[in-house]
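Working notes, structure below.
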Amino acid sequence: MNATFTSVSAPVGLQRIALAGNPNAGKTTLFNALTGMRQRVGNYPGVTVEKKEGRARLGNGTEVSILDLPGTYSLSPKSPDEEIARDVLLGLRAETPPPDAVIVVVDASNLARNLYLATQVLDLGIPTVIALNMVDLAQQAGHAIDVVALSQEIGAPVVEIVASRGIGLDDLRAALCAPIPRPHPPLLKLEAALESAKNELAESLRGHDTTHNLEGAALRLLCGNAGERAVERTYGSAVAATLAEIRHNAEFDIASETSARYDAISPIVARVQVQNTVATKNSFTDRADRILAHPTWGLLAFFAVVLVVFQAIYSFSEWPMNGIEALTGFAGDFLSNRLPDGPLRDLLVQGVIAGVGGVIVFLPQIFILFFFLGILEDSGYMARAAFVMDKHMGRVGLHGRAFIPLLSSFACAIPGVMATRTIDNPRDRLTTILIAPLMSCSARLPVYTLMIGTFIPEIKVFGLVSSRALTMISLYIFGVAAAMGVAFLLKRTMFKAPTPSLMLELPPFRMPTARNVLLVMWERGSEFLKRAGTTIFALSILLWFLLNYPRVDVSKIEPNAAPGQVAAIQTRNSFAGRVGHFIEPTIAPIGFNWKIGVGLIGAMAAREVFVSTMGTVYSVSEADEASKPLRQAMREDKWPDGRPVWTTLTAVSILVYFVLAMQCVSTLAIVKRETGGWKWPIFMQIYMTALAWIASFIIFQGGKLLGF
């Protein structure tokens, strides 16, 4: 299981290996194949860039630490992710020691572009092994690669692998066990001014850098935006001063490195890439892209895929959910019958079991959702979805690169907001950040499922599709539509700017591997489970306390009052009850009572806490039926005049509210960190809350006028 950390240093004697590569080259697939479940995930200190490190055993039994660097096309960084990759390799990050060796994952089906990064790494002089991945796809595309010749050309060991199928991994481990020679990459014919600046800085580095090839390190410092503080900390003030002076007097074009490097790479590729006669001229990828990348058919295919996913979520999750619900009820009854009456029993039964159990019941749906997302990611379909949606997003002014952050936000808005770092234009990036929380994240799924499963009748549309699945899809579409509308307004008012086009790589389709899909499912699903065991557990205890204290004087309650009436009086006069009643006038127009108000407050910590809050509220306020399933308790709840509190209209109002509301302090904290202040998080909280209230008001009051 993953564990969060801030800074990880490999133990003394444990060799550090960095894993570098282009996006879509199969780097993370190789990382998972080498490390399995022995991974730790966190952030690099000072930035919101994910840091993944794991342990692996080589062929001789040696244990090594493998650091999965962010995917990058170049070591001349244009984003924080690429800066991290460059800084780690140069040793510019104080908390991350420079690697002892590097594995560069190269996509064999796109050799020239992948060798651009590989030769930059080789220039640094770090012992490097080239993992030539996807050789099967390269052969299908009509060319093979002479591995021996390639190794001689670039001066580094080259190992053929197919990471997704585990082919060649033993050879890779063996190559890492053997002594890795210092690389001797092809020489670059740089323009005179850049060559002179590189040599001057390299001479300044002499005596300060004993790890890297000095010319290679100098070129990376010149062609990037390495901070002066990091350079001074790593190399000393003299080197930092020399670099600053060279940059100030720069007469060279750093872009000239690109042409010089491709001039060196092109003849190498021509010599090592052997065309064969078994190429499939009309490959499966080509045939599939005629439909999946088509402007019209691709959009229809996208919606069909989404429909299948949500239909599967409802079809496959019902029996495990019922089983978990039954176990939760059994646990509550078991403790109720064996513990003496008192605060401890109430805390465990009404607080912990009712609160945490109310959320855990939705774990099967979370796992099923991420299972299908893993299949879509591993197959290469997600890039097609981005390509198809780009044109439609451009109509509202969104940057084409916004699709990936928004897509990530369907899992969680936090990585979605972090992923906006790939958007160069600050206005486009801020627009994407402000609408990312409108994507329906996995934390909303328990709320959606509770409302839909309890109050939306099950009907087969056309005899095939569940009405509940259609309702779920409608919520996701509604969130996307709201995001597009907000983006349209922002791009025509506060953030006016032309919309750049999207340049996107479409990786070849490949068969998803069970290992990768299950690993994605476990990583994402276990994060939800971890929150249930930490955040939701703590909040359930806190909420139980707020619902039970201050204690009501029992002597002032009517002697013949039923236990449920006593519990209701206690809840109404508790701290939480008072807060709920205080805000009730503001939420009554949208169909919410004070109990729902308490749930909304709890959901600010995490949206799924709404479900555990409802579980605790109903468990505490109906003490005579503590083990009653939450869905049943909600259906039976009444207003003082006998009307049901919960109706289909109320449920729809809550669903609309949760689609639009900013119910997550963690996301606000990340937005504050990414934007550098509280201005935009406060703006986000205000506009999303107002939008949610207005939409729910229209739905609820309009529904009442129409007789619902």
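Just so you know, glycine gets a Cβ as well, placed from its N, Cα and C.
Annotation comment: TrEMBL describes 21-28, 46-50, 68-71, 133-136 as GTP binding site. The Mg(2+) binding site annotation in TrEMBL covers Asn32, Ala33, Thr35, Gly36. Annotation comment: TrEMBL describes 14-182 as domain 'FeoB-type G'. Annotated transmembrane segment per TrEMBL: 297-317, 347-376, 396-418, 430-457, 469-490, 528-547, 645-670, 682-700, in sequence order.
By the Cβ criterion (under 8 Å, sequence separation of 6 or more), the transmembrane segment (396-418) is in contact with the transmembrane segment (469-490), since 3+ such pairs are found. The list of residues near the transmembrane segment (645-670) in space but at least 6 beyond its ends in sequence, with Cβ under 8 angstroms from a Cβ of it, reads 48, 413-414, 417-418, 437-438, 440, 443-444, 447-448, 451-452, 454-456, 475, 478-479, 482, 590-593, 595-596, 600, 603-607, 610, 634-635, 637-639, 681, 684-685, 688-689, 691-693, 695-696, 699-700, 703-704, 708. Residues 359, 361-362, 365-366, 369-370, 397-399, 402, 405-407, 409-413, 416-417, 420, 423, 467-468, 471-472, 475-476, 479-480, 482-483, 486-487, 490-491, 495, 524, 528, 603, 606-608, 610-611, 614, 630-631, 634-635, 646-648, 650-652, 654-655, 658-660, 662, 664, 667, 671, 674-675, 680, 683-684, 687-688 of the same chain sit 6 or more residues outside the transmembrane segment (430-457) yet have a Cβ under 8 Å from a Cβ within it. Nearest in space to Gly36 (Mg(2+) binding site), taking C-alpha to C-alpha distance over the binding-site residues Asn24, Lys27, Glu50, Pro70, is Lys27. Away from its own ends, the transmembrane segment (682-700) comes close to residues 434, 437-438, 482, 486, 589-591, 649-650, 652-654, 656-662, 668, 671 of its chain (Cβ-Cβ under 8 Å, at least six residues beyond either end). If you compare Cα positions, Thr35 (Mg(2+) binding site) sits closest to Lys27 out of the binding-site residues Asn24, Lys27, Glu50, Pro70, Met134. Ranking the binding-site residues Ala33, Met134 by other CB atoms within 10 A of the CB puts Ala33 at the bottom. Taking CA atoms as the reference points, Pro70 (GTP binding site) and Asn32 (Mg(2+) binding site) are 14 Å apart. Looking only at other Cβ atoms within 10 Å, the busiest spot among the binding-site residues Gly21, Gly36, Pro70 turns out to be Gly21. Within 10 Å of the C-beta of Asn24 (GTP binding site) we count 17 further C-beta atoms, all protein chains included. Each of the binding-site residues Lys27, Asn32, Thr35, Glu50 was scored by the number of other CB atoms within 10 A of its CB, and the lowest score belongs to Glu50.
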